[in-house]
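Q: Not my notes, these are from Swiss-Prot:
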{"type": "DNA_BIND", "residues": "48-123", "note": "DNA-binding region"}
{"type": "COMPBIAS", "residues": "157-167", "note": "compositional bias 'Polar residues'"}
{"type": "DOMAIN", "residues": "237-480", "note": "domain 'NR LBD'"}
{"type": "REGION", "residues": "145-176", "note": "region 'Disordered'"}
{"type": "ZN_FING", "residues": "51-71", "note": "zinc finger"}
{"type": "ZN_FING", "residues": "87-111", "note": "zinc finger"}
Amino acid sequence: MYTQRMFDMWSSVTSKLEAHANNLGQSNVQSPAGQNNSSGSIKAQIEIIPCKVCGDKSSGVHYGVITCEGCKGFFRRSQSSVVNYQCPRNKQCVVDRVNRNRCQYCRLQKCLKLGMSRDAVKFGRMSKKQREKVEDEVRFHRAQMRAQSDAAPDSSVYDTQTPSSSDQLHHNNYNSYSGGYSNNEVGYGSPYGYSASVTPQQTMQYDISADYVDSTTYEPRSTIIDPEFISHADGDINDVLIKTLAEAHANTNTKLEAVHDMFRKQPDVSRILYYKNLGQEELWLDCAEKLTQMIQNIIEFAKLIPGFMRLSQDDQILLLKTGSFELAIVRMSRLLDLSQNAVLYGDVMLPQEAFYTSDSEEMRLVSRIFQTAKSIAELKLTETELALYQSLVLLWPERNGVRGNTEIQRLFNLSMNAIRQELETNHAPLKGDVTVLDTLLNNIPNFRDISILHMESLSKFKLQHPNVVFPALYKELFSIDSQQDLT
């Protein structure tokens with residue numbers, strides 16, 4: 001089934017983030033001697049963060065991970081005696097509040113993947129930076145609760161009640177901020193931010209189709225951004241959201257300094273000629289592999305957006321399927337050297353014409369991609385603003401097929417409020433009363449059009465080259481079968 005395959009890939013893509021969860025401390029949270037917190041001991045209220053294993057109400061940091069009493073006791077028992085748990089299914093059982101006792105094997109594996117260990121350090125002995133990240137997460141959850149209480153007391157994706165089993169995903173090892181403990185940085189080897197630690201299985205090969213319009217067609221309608229909700233999203237929640245997304249962006253992209261170093265290098269004429277002389281089939285495959293690498297990091301970024309992992313599984317998949325290509329264009333804008341009209345492609349600067357083929361539709365696709373990426377680059381956004389813009393684009397609530405419209409709208413409102421605050425602080429209006437935000441929002445229809453062009457060109461290419469095998473993730477994201485699963 002497509003859904004299972006997709007989340008298998010996500011699990012492998014984010015394994016390195018999960019491995020860093022053991023930065024949290026063991027046992028109950030206690031403030032170091034002499035340390036006082038004016039907000040009422042944030043550490044003592046760490047239970048506001050749901051259990052990382054099953055999503056139930058947590059009771060503190062146990063064996064290095066924020067968990068509930070049930071998962072704490074389960075892990076203790078699993079370590080105190082010789083156990084030989086067996087999974088009666090396929091070792092991919094859902095581990096949530098309702099189902100956590102159904103498979104001890106999968107529950108233990110999830111504990112271990114999150115970093116639970118008998119040797120984990122206590123919270124008070126964590127580094128100052130690690131403690132601050134935990135405190136930031138607590139502040140974020142508290143700010144979300146305040147915004148929820150003021151704006152929509154009836155329901156919210158930030159409800160502190162334990163989500164129902166239907167809302168808990170089997171990849172719930174990432175709650176809305178779980179990536180915040182990661183000190184991981186994506187490797188410098190690729191200007192696309194592709195880490196060398198990604199396994200070969202993640203770049204398996206795959207298939208494609210044309211029925212993409214149904215799930216990406218954009219019809220301009222006025223998105224209602226609840227002014228009352230935004231007015232209550234105070235500086236606390238804005239500041240933490242901005243910090244969170246900026247860190248997620250930094251950890252899933254190559255450093256901007258490294259990109260600019262490549263801009264300053266002399267053009268590699270031999271490499272440019274090599275790409276210009278590639279045949280249509282070779283160029284498609286090479287571009288698909290580069291795009292797949294970028295999308296793997298986009299998936300990591302999405303999972304670190306506060307609240308994203310609490311959306312339904314179907315909505316998460318749909319948002320990523322219809323939004324990943326759009327976010328790739330946004331990310332391309334920071335790799336574009338406007339003075340050369342060239343993009344950092346792997347480890348070489350390539351001009352726009354290097355991607356042209358003899359097919360007129362493909363040339364149009366390349367031109368539209370460069371044109372849109374250039375329009376973003378010309379705005380000279382900061383890295384933080386790019387992070388917020390990616391969140392805004394991904395969470396655009398008017399995508400066909402989404403079910404949790406209210407939840408997605410609330411997440412979108414938070415991102416909208418944060419990016420508006422950031423842009424108004426850093427940018428003057430462009431012309432008259434036209435703001436940078438206006439320009440960014442006007443790009444949304446362009447993203448939809450380019451996504452459709454991509455699928456049309458890809459469909460035509462597959463008809464002409466039926467034996468070409470694309471990377472697995474690329475095939476899953478842009479195949480007709482997987483699109484039909486979501487409609």
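Cβ coordinates are placed from backbone N, Cα and C, and glycine is handled just like the others.
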Q: Note the mean pLDDT of the DNA-binding region (48-123), expressed as a whole number.
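A: A mean pLDDT of 86 is what the model gives the DNA-binding region (48-123).
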Q: For a three-state summary based on DSSP, what are the helix, strand and coil counts in the zinc finger (87-111)?
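A: DSSP composition of the zinc finger (87-111): 8 helix, 0 strand, 17 coil.
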Q: Going by DSSP assignments with H, G and I as helix and E and B as strand, what are the residue counts for the zinc finger (51-71)?
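A: For that range the per-state counts are 3 helix, 6 strand, 12 coil.
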Q: Treating G and I as helix alongside H, and B as strand alongside E, what does DSSP give for the DNA-binding region (48-123) in helix, strand and coil?
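A: Counting residues by DSSP class gives 25 helix, 7 strand, 44 coil.
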